[in-house]
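Before any comments, here is the structure.
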Amino acid sequence: MRKKNLNKISLGVCMWPSVDMPELETLDVTFSFIKQVHLKAQSLGKGLAYSGKTSYLPSIPPVMVRSIMTNSLDIFLLAILAMWLNTTATPFLLTGFPGMEKAHHLISIPLLVTYISILLGNGTLLFLIRDDRNLHEPMYYFLAMLAATDLGVTLTTMPTVLGVLWLNHREIGHGACFSQAYFIHTLSIVESGVLLAMAYDRFIAICNPLRYASILTDTRVMKIGVGVLARAGLSIMPIIIRLHWLPYCRSHVLSHAFCLHQDVIKLACTDITFNRLYPVVVVFAMVLLDFLIIFFSYILILKTVMGIASRDERAKALNTCVSHISCILVFYVTVVGLTFIHRFGKHAPRVVHITMSYIYFLFPPFMNPVIYSIKTRQIQSGIFRLFSLPCSKA
């Protein structure tokens with residue numbers, strides 16, 4: 001029969017030299033799964049510690065020495081220990097609008113209106129596409145993916161934003177913060193991928209209309225959606241996983257009311273070269289590549305349209321692309337604007353950076369349903385039927 005009371009190991013968590021007043025926290029932690037590693041280290045006459053000026057993992061009293069790990073299980077257990085300590089460490093502090101704390105309640109009003117509008121607009125699109133059989137086409141399936149992505153971004157960011165502005169609830173645990181950063185960055189890449197898939201849909205519809213139904217079958221659309229989601233999720237995972245292992249010894253105050261990878265790594269007191277370079281590679285390899293493919297696909301679409309003899313047919317073909325082009329401009333203009341502010345606006349007021357980040361996360365989800373409801377007749381008809389149905393029953 002296993003004992004109910006597990007052995008407890010008292011871990012001294014060493015802080016880092018960059019802290020002005022080094023402090024020592026003693027954690028009375030219960031975990032039997034690390035006991036075998038501790039016993040092995042004691043048998044070697046050496047404790048668990050990393051060499052160098054910075055201690056990445058806690059030392060186990062009474063001795064501190066180099067880590068000699070010859071078993072992959074030991075390394076795995078130590079990684080679990082490092083991640084556990086990070087998730088139980090001092091929480092991060094979110095930031096609203098610095099210097100404008102008294103106006104937080106007023107600032108929250110337009111944000112709340114935008115939040116509700118995004119939920120209603122994208123939720124309505126999803127409902128219409130699911131409910132109306134006339135919209136069961138590849139073009140609208142991709143639009144549903146875009147609406148779901150916009151909902152995901154908004155639902156991921158806005159709860160913590162409103163919590164900070166309304167309740168001044170600034171604390172967020174490491175695990176919750178890293179999860180939020182993962183979903184925010186993943187969904188941003190998903191949106192770029194969905195816009196690329198929508199460009200592919202328009203390319204097939206205009207350049208190869210006779211084979212449109214045979215190429216973009218429901219199965220293929222589903223595979224494209226899964227591929228877009230998998231590409232984004234797997235590409236972001238390495239940098240987010242590494243956040244769990246980094247030591248955080250500087251100020252725990254973040255720059256926004258939600259967690260972003262680039263904010264979190266500024267608080268780390270170790271080499272973050274990988275976390276700085278990898279996102280740049282991802283942006284160039286995915287977001288920029290997506291934009292270039294979309295751009296060249298529309299060059300081919302325009303070339304095909306210009307070859308149509310009838311002016312009315314040319315206008316009709318181009319009109320089917322207007323909504324998608326508008327969504328592309330909204331997304332990529334906000335991306336470029338945010339990038340320029342961060343790179344070249346270092347002397348700009350901090351409020352400008354924060355406001356631009358809210359525009360980046362809220363403007364595309366807000367505008368996409370508006371664009372499609374104005375420019376797409378099928379969506380307009382669906383909306384009219386949706387709101388006229390209660391009236392007709394009455």
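Cβ from N, Cα, C; glycine included.
If you check TrEMBL, you get these features:
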type	residues	note
DOMAIN	121-372	domain 'G-protein coupled receptors family 1 profile'
TRANSMEM	75-94	transmembrane segment
TRANSMEM	106-128	transmembrane segment
TRANSMEM	140-162	transmembrane segment
TRANSMEM	182-200	transmembrane segment
TRANSMEM	221-241	transmembrane segment
TRANSMEM	277-301	transmembrane segment
TRANSMEM	322-345	transmembrane segment
TRANSMEM	351-371	transmembrane segment
For the transmembrane segment (322-345) against the transmembrane segment (182-200), do we get 3 or more Cβ-Cβ pairs below 8 Å once near-sequence pairs (under 6 apart) are dropped? yes
Overall pLDDT of the domain 'G-protein coupled receptors family 1 profile' (121-372), taken as the mean: 91
